[in-house]
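Features reported for this protein in TrEMBL:
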TRANSMEM  23-46  transmembrane segment
DOMAIN    39-288  domain 'G-protein coupled receptors family 1 profile'
TRANSMEM  58-84  transmembrane segment
TRANSMEM  90-116  transmembrane segment
TRANSMEM  137-156  transmembrane segment
TRANSMEM  194-219  transmembrane segment
TRANSMEM  240-259  transmembrane segment
TRANSMEM  271-290  transmembrane segment
């Protein structure tokens, strides 16, 4: 190991053997990134400006939108530069920073989606006690702890990976500094890293998913007992939006982190990773906007108000 110089930069060569695909993805990612910024920013602004949306559900949704903006901003601009650049390099520190941000925000979203499921469970199964149970102190603490848990997991995994020796290996066969791709370059024993990642995957993927599943069993049972057809429709509408986001996010995350690991990165893995990091954040505001009457009414109200002021 002493014959190797320390790695000071990495080269991201994901999909480099498919230049036409890279060109197509660069245009597609740019369009999707702009939609992510616009859609999620709009949701945040609407949830702040409309007093009717000052509820736990929209507080969590605002956190999710902010998280998606930060998550995609940590990887997409760098990815677009790599697609257009001849020298597809990133510094050691830049790679570590990208990893800690993306992993931290991804972990936070896992916990946050479980928290949102609990919020829907209380709202539908205990509607009369909902304001008492989901008081401001509780839902703010739940959001804060989601961020804390995600950041702690990210720090532990990133530090434990970046201190390992790479023995001069600095060619990452991936589009971003993704922890699984980086561990393949390590030239020492990674048993402890695999153990940490396995425990984190169980705690932050499987446990929240199980809690969401249990919550929706109770939610579905309560919805079916609602006498009013309008009440059932409204309950299904708010829950189906969250459930759609859960399926998209956890489906791609489970594929990435729970499937058997191979030594070489497949093109399909990179495309799935791209959908996990770009497609889901883009669809989140669209899903919540299209399937949520309150959000659509709030957007119309704000737009009509600003158009009226502009005419004056």
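Keep in mind that glycine also has a Cβ here, set from the backbone N, Cα and C atoms.
In TrEMBL, annotation is done automatically, which means it is predicted and not curated.
Contact between the transmembrane segment (58-84) and the transmembrane segment (137-156) is present: at least three CB pairs lie under 8 Å, with pairs separated by 6 or more positions in sequence. For the domain 'G-protein coupled receptors family 1 profile' (39-288), the model's pLDDT averages out at 84.
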